[in-house]
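These come from TrEMBL:
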type: BINDING; residues: A:ARG48, A:LYS54; note: NADP(+) binding site
type: BINDING; residues: A:ARG125, A:SER126, A:SER127, A:ASN239, A:ALA240, A:GLY280, A:LYS295, A:PRO296, A:VAL297, A:ALA298, A:THR299, A:ARG321; note: FMN binding site
Protein chains: 4
Amino acid sequence: MAFNSFGKLLKVTTYGESHGTAIGGVIDGFPAGLKIDLEAIQNELNRRKPGQSKIVTQRKEPDTVEFLSGIFEEKTTGTSIGFIIRNTNQKSKDYNHNTNVYRPSHADYTYDKKFGGRDYRGGGRSSARETANWVVAGALAKQLIASMEINAFTSSVGDIFIDKPYQDLDFSKTENNIVRCPDESSADKMIAKIQEIRKAGDTIGGTITCVAQNIPVGLGEPIFNKLHAELGKAMLSINAVKGFEFGSGFCGAKMKGSEHNDIFNADGSTESNLSGGIQGGISNGMDIYFRVAFKPVATIMTNQQTINSDYEVREITGKGRHDPCVVPRAVPIVEAMTALVLADFWLLNKTRKI
Amino acid sequence: MAFNSFGKLLKVTTYGESHGTAIGGVIDGFPAGLKIDLEAIQNELNRRKPGQSKIVTQRKEPDTVEFLSGIFEEKTTGTSIGFIIRNTNQKSKDYNHNTNVYRPSHADYTYDKKFGGRDYRGGGRSSARETANWVVAGALAKQLIASMEINAFTSSVGDIFIDKPYQDLDFSKTENNIVRCPDESSADKMIAKIQEIRKAGDTIGGTITCVAQNIPVGLGEPIFNKLHAELGKAMLSINAVKGFEFGSGFCGAKMKGSEHNDIFNADGSTESNLSGGIQGGISNGMDIYFRVAFKPVATIMTNQQTINSDYEVREITGKGRHDPCVVPRAVPIVEAMTALVLADFWLLNKTRKI
Amino acid sequence: MAFNSFGKLLKVTTYGESHGTAIGGVIDGFPAGLKIDLEAIQNELNRRKPGQSKIVTQRKEPDTVEFLSGIFEEKTTGTSIGFIIRNTNQKSKDYNHNTNVYRPSHADYTYDKKFGGRDYRGGGRSSARETANWVVAGALAKQLIASMEINAFTSSVGDIFIDKPYQDLDFSKTENNIVRCPDESSADKMIAKIQEIRKAGDTIGGTITCVAQNIPVGLGEPIFNKLHAELGKAMLSINAVKGFEFGSGFCGAKMKGSEHNDIFNADGSTESNLSGGIQGGISNGMDIYFRVAFKPVATIMTNQQTINSDYEVREITGKGRHDPCVVPRAVPIVEAMTALVLADFWLLNKTRKI
Amino acid sequence: MAFNSFGKLLKVTTYGESHGTAIGGVIDGFPAGLKIDLEAIQNELNRRKPGQSKIVTQRKEPDTVEFLSGIFEEKTTGTSIGFIIRNTNQKSKDYNHNTNVYRPSHADYTYDKKFGGRDYRGGGRSSARETANWVVAGALAKQLIASMEINAFTSSVGDIFIDKPYQDLDFSKTENNIVRCPDESSADKMIAKIQEIRKAGDTIGGTITCVAQNIPVGLGEPIFNKLHAELGKAMLSINAVKGFEFGSGFCGAKMKGSEHNDIFNADGSTESNLSGGIQGGISNGMDIYFRVAFKPVATIMTNQQTINSDYEVREITGKGRHDPCVVPRAVPIVEAMTALVLADFWLLNKTRKI
């Protein structure tokens, strides 16, 4: 069934609670013979790790990945790749006050009802700490499909949006600022916004846009494994995500066919690209682009009313070290999940015609 | 791998091209002992079928489903349920002019490149005719989870939106009009809009909202099978869909945590429901609601420039009988896919605690 | 979950009861662009069909397969291949006396207890009629891996065994006799034995040996998809099978390592082949051979004591038209399932190294 | 695809090479709320571990399992259970002489050809060390289905067989001797045989019989997940296994229907049990019993001719510390895999009727 697995031919299966011993996973189906750059993987983890700047959680955790199998003499062997990231900086006592109390808009209540109990320390399995596993797997996938370029970036924080099409942005600037927005003037405003929100003990939502370029024609399957459906599922799997749109997205729903159709150029490319690089669920070689909506983090530093597991009304105030906005740290996660989806379909495509 | 399967425990696997002999599928994992109302299934198919009103395609096709196995003496037997819908009204010659020509914003180009050839008659496998299979499976799923209520409706056509929250709508009115909008005054405007668009030989997009009520707490899995991620994947599998959002959706990305959090009532329900009935990927018993964006149909009745498979520039004009707006016929499809997702998780939940 | 599916990349999903409307299935993952010989598929079905000789059931059923999708202009399109075989000669009234009675060593009792009811006509889903579906899928798979040669044959009936190694047999003679034994003198004895058994109203078991030659090195996965484990599962899925052994098999368990090891020749082949062409779960290019044990058919024409669903003791005598020995008709089934396993791994192997 | 996964609802995914850093895995789908006896799990590992007696490999390795997630306050949480077993006693230099040389009847040649390279230290992924992972998963599964009794034992070594039916054996004596044979006089002969073989630098095969009792009626699925087919696949996945038979097995292939049928008693049990507790792929509540054939270990301490990867002829002599007979240590592995299969179907059965 694979409740904790993602992918078809290239499949990652994960485990781990935020305050358990370790998180980790198994990557199955990775082809043999690829030289792996381990440092590049750790670099991706560093982009996601806590404590990296003043606008993210101040928790310090090195998030060092250890590979346990499947890579020998620097190359993949074709056997399953086990990896582990030890948890080193859990302050479980930050959560003692929550043992019995359901934090609003968290997964506490639903886990408790579903499973008849839960690991209450830091969200347990529902913690976004899990996404470090995905970044490891995604970083490996990126190396498998090295010719494809995947660039995600923060496209809005609250009501501050980049007011340019992605074609006018220079993705090499994304890492130049701590909010991961390639448009410098927008970045400054976003950072100021997050700092203001943090000081108020509050949190704020935002969006990430992802652009995948240099994509071969033919990725994706016609019916239930449409490329955009798998991308959508991948994005909606990320904690705090509330929406996904690709190409023309929700705006497309207001348009007429005569406006929306992408007319072919003589070389098979299209003049416009409202399709977002995907037609009939299959990549057409144009840029793939999509947008992901993140709600504000549910843990806020101000008082909220709630209930406990005995249905008694309680007051709760966030403790611990939390992100005022998840978006900057989610950028590498969006890229990782995109890489996993693309690599899986790329591998699969080797089997789809004789 | 299951390119043509949807679901985990309750799994539907389908086949069929729009102008082939038949479409159909196999439903696997359906529990034994449920009395099946076959007429109710045919009724759902009738809601989707072509030719049902003046604002949909005028193609006439009865879409009669025949069950071949798995139902005996009116009850499910626990074995796989095979079904078939014969194609009866194909006018393949409507497509002769397209044999070699790629229709803009269709799947012609991508199928051809992916597979090295394609069934060019009416889109072949990429045709939305496939969704009749889903309606059959979804109608069975609805009977399995009869206590849950699933209501989808047309919430916008072009720039005409219902301007009320769903709580103010009476879903029993959805079927009262041909656009399937429970708000009568909006419905009238939508119908007029579609007729205007049709006369111009053009097409128009729209959105569908779906509300699932009376949902047990605990549906959905924590990590890669989050309830909303599976719903998103299901919706993004429907032809012409460009976006999915649930609960606060893209609006939530502009909000602060102090505004967005759903405060608990003493009974475990929440005051607001920006979570959209899902927290941490698991249903919390509140209404699940989400919105799906459909682009305008790509086949228009006016001239467009395009290319053929030899990369020669050609002119193309839509022929055949097409929908000016897919949304009215997509309402039962959205409900069917929602039912499949919910039934699958409901079944699965029987195994998740001792 | 796929209770009714077999295969990974090349996956067949089936449905159908022996006395329902039809049986059939969906073949998913078949690569695009293969020219299909439909007559060859029907020929394989004819090898399995009832009524073909005096030593099999005298039921007459044409077993004509109709393809519904996925093949266009004689080539596979890469989309799912639906097929159907109508049931035409059910004599359900032969089973009226069994409605409530459990036939000994059949699946009546277990189906009834598992599902709380069953289709009692001819065994329903438990009937070996299902294997006609497998022969269709296997015949397609054979065409995909046309360079590999798969030859199954009857190697024993009761205590009559071929007393030669397979290397001394001429597989082109297998179809020369109705018991499908390439050794003529053994064949004569087997046929006489089956006729004698049939006259006594009894049934008899037997074994099938299968030899797969011209196999590429590298098919099979190291751990849970070992080539021989998948072959074993495939064979044990066939009705009436009680055992599977490959290479040295149960005899190998009596041997010493110094006797059993297959010494390499300079070209990578091995002198002996007790490994049966598979080492560590992966084909080594030598002949793959294995043996499958079939129990005697449970339906006999003499009186047996049994019980009904109210746990009342009853007498039962077989009616209807049954095989005195399943082995001759099972030969094409063994080949079909072997072809499915090999084709699946062959396809998969395209993805296992860069 | 899950090359390294076993199970459907209860799924274990593993990784690890014999001379890598660690082996381990993820157990997915385990229901929440079961109190776990960790000591019982370690005890099962101890039954499998090397160095436990004079007739097994003298390698010393503690095989200590560490659980990393999914168990909280001694209970399962419903989330995935990660575990790791560090490798502590690898003597990789024992294998330096093999870097380039293919050991006869090992997986060296096939891995190398399949993947274009291999981890040559101790067999890498092909080592039976992997089965320690299975014992962990199986020990957890045993606790989930605690009411079912699973007893495997050594039933033959070379040509020394227990000459009694299993009903005459006292399974509580299996652990009384180092060969794990509950029949004491046979055990003595088997031990003597293995010691004689070891002294000669040779190895020997054997069989394990497994009996599962107190099994609920209804486990197993009709078509491609027959209970015996899954058991067969599980057994054939174990290193060195060459054959599997259940119930009457290969002997059944010589019998007549009138001899083979199991006549019902008035309570639904059967007088005889040649079916081996499984009819139509589904358990009937009678004892399940089956037999597994193990070939002799391929590593022998005498000279053998072989080739290297340049196809040059070489001489090879086994070094390192190897088992003269795998059977005694394989007994807990057979039980573990049986437990996994039964637990998976038991869990699944909760979903098969309304």
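Cβ atoms here come from the backbone N, Cα and C positions, even for glycine.
Sorted by the number of other CB atoms within 10 A, the binding-site residues A:ARG48, A:ARG125 start with A:ARG48, the lowest. The highest number of surrounding Cβ atoms within 10 Å, among the binding-site residues A:ALA240, A:VAL297, is found at A:VAL297. Long-range Cβ neighbours of A:THR299 (FMN binding site) (same chain, at least 6 residues apart, Cβ-Cβ under 8 Å): A:ARG103, A:HIS106, A:THR203, A:GLY318, A:GLY320, A:HIS322. Between the CA atoms of A:SER127 (FMN binding site) and A:LYS54 (NADP(+) binding site) there is a gap of 21 Å, rounded to the nearest whole number. Summarising the FMN site geometry, the residues cited as binding it (A:ARG125, A:SER126, A:SER127, A:ASN239, A:ALA240, A:GLY280, A:LYS295, A:PRO296, A:VAL297, A:ALA298, A:THR299, A:ARG321) extend over a maximum Cα to Cα distance of 44 Å. Filtering of the binding-site residues A:ARG48, A:LYS54, A:SER127, A:ALA240 by Cβ separation from chain B (threshold: under 8 Å) yields no residue.
The secondary structure of A:ARG48 (NADP(+) binding site), as reduced to three states from DSSP, is helical. Fewest other C-beta atoms within 10 angstroms, among the binding-site residues A:LYS54, A:LYS295, are seen around A:LYS54. Listed binding-site residues: A:ARG48, A:LYS54, A:ARG125, A:LYS295, A:VAL297. Those with a CB under 8 Å from a CB in chain D, in sequence order: A:ARG125. Of all the Cβ atoms in the protein chains shown, 21 others lie within 10 Å of the Cβ of A:SER127 (FMN binding site). Look at A:ARG125 (FMN binding site): DSSP puts it in a helix. In space, A:ALA240 is the closest of the binding-site residues A:ARG125, A:ALA240, A:LYS295 to A:ARG48 (NADP(+) binding site), judged by Cα positions. Separation of the C-alpha atoms of A:ARG125 (FMN binding site) and A:LYS54 (NADP(+) binding site): 26 Å, rounded to the nearest whole number.
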